[in-house]
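Engineer: Submitted below is the structure of interest, expressed as structure tokens.
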Amino acid sequence: MNPQAKLIFVTSLLLGTTITISSNHWVMAWTGLEINTLAILPLISKSHHPRAIEAATKYFLVQATASTLVLFSSMTNAWYTGQWDITQLTHPTSSLILTAAISMKLGLVPFHFWFPEVLQGSPLITGLLLSTAMKFPPITLLYMTSLSLNPTLLTTLAVLSVAMGGWMGLNQTQIRKIMAFSSISHLGWMAIILIYYPKLTLLNFYLYTMMTAAVFLTLNSTKVLNLSTLMTAWTKAPALSTILLLTLLSLAGLPPLTGFLPKWLIIQELTKQDMAPAAIIISLLSLLGLFFYLRLAYCATITLPPHTTNHMKQWRTNKPISPSIAILTTLSIMLLPASPMLTTII
């Protein structure tokens, strides 16, 4: 892709995100979401592969539908209450429509079907943007309207998302699809705590973004897209494979890694809110996700590739690990001791 064109699209992404997260008026928030959608489409379809074109088309249709629902929800609220302010979304029908719209934008169950397909058709770096940066504006809208949302509906969507994200990721061999189901599962954890402790949702999102960025950048560095090539990637860059193992275990939420921190705080807060059954259910469902993270980690570092493999062995490279991967991985592994500081910040 032409560097000038790429610069325009990336700048538009930053602009759209900034407009949405800093706006008080629904129309400005909607404008930011639209700019974001239009800016990411060329980045998804830049390879001109039929699957990439299909992914861009699916993404456009889903996001356009969700944006229409956001606008419809805000107009309904303005019709009944005379308020266009984002924080004044008080009409129950409007908040229900908004929950559906944002769930569609994020890929929460039952509006999750588009996300694995779109991620599978995108390049790894675009997949990273779709999993992290593109979810930030919708999450901020949920954060701003959290007082008006329906707790039962959000808890149901969250539990279903953790269940489906773990369950549907079990049988996958494509790493981008596994990361998509991982994202759906993490979104469930964010959604369940949103009404009771919104800042914890944002903390979870920031830590998830950090860990996912470390995984995607490592995969991009080793040019790995599925499990069979992941099995032979250790010969090319052993240090990166070890880094990937630790980051995946952190994403799974195992102590004493960073990924355990948001799960621990969310379970603690749910117990305080007399929602111990919900906490138990999502904790048990996250074991499904742990299975496929362990599978990825096993393929990355522990298995020796079979001698009958069809994949060519890769030469070991002495290329140094990129500083961004090193910093993100260090944060993804070692932030748990800083949890008292993080909890006082939020």
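Placed from the backbone N, Cα and C atoms, the Cβ positions cover glycine too.
TrEMBL annotations: computationally assigned, not manually curated.
Since this is a predicted model, take the numbers as computed values, not measurements.
Pulled these from TrEMBL:
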- 23-288: domain 'NADH:quinone oxidoreductase/Mrp antiporter transmembrane' (DOMAIN)
- 290-342: domain 'NADH dehydrogenase subunit 2 C-terminal' (DOMAIN)
- 56-75: transmembrane segment (TRANSMEM)
- 95-115: transmembrane segment (TRANSMEM)
- 152-171: transmembrane segment (TRANSMEM)
- 178-197: transmembrane segment (TRANSMEM)
- 203-225: transmembrane segment (TRANSMEM)
- 237-258: transmembrane segment (TRANSMEM)
- 278-304: transmembrane segment (TRANSMEM)
- 325-345: transmembrane segment (TRANSMEM)
Engineer: Cβ under 8 Å, sequence separation of at least 6 from the ends of the transmembrane segment (325-345): give me the contacting residues as numbers and ranges.
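Structural biologist: Cβ under 8 Å, 6 or more out: 203, 207, 210-211, 213-214, 217-218, 221, 240, 243, 246-247, 250-251, 255-261, 264-265.
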Engineer: Hey, which bits of the same chain come close to the transmembrane segment (203-225), Cβ under 8 Å, at least six residues off its ends?
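Structural biologist: Contacts with the transmembrane segment (203-225): 124-125, 127-128, 131-133, 135-136, 139, 174-176, 179, 182-183, 186, 189-190, 193, 233, 236-237, 240-241, 243-244, 247-248, 250-251, 258-259, 261-262, 265-266, 321-322, 324-325, 328-329, 331-332, 335, 342, 346.
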Engineer: On average, what pLDDT score does this prediction assign to the domain 'NADH dehydrogenase subunit 2 C-terminal' (290-342)?
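Structural biologist: Reported value for the domain 'NADH dehydrogenase subunit 2 C-terminal' (290-342) is a mean pLDDT of 81.
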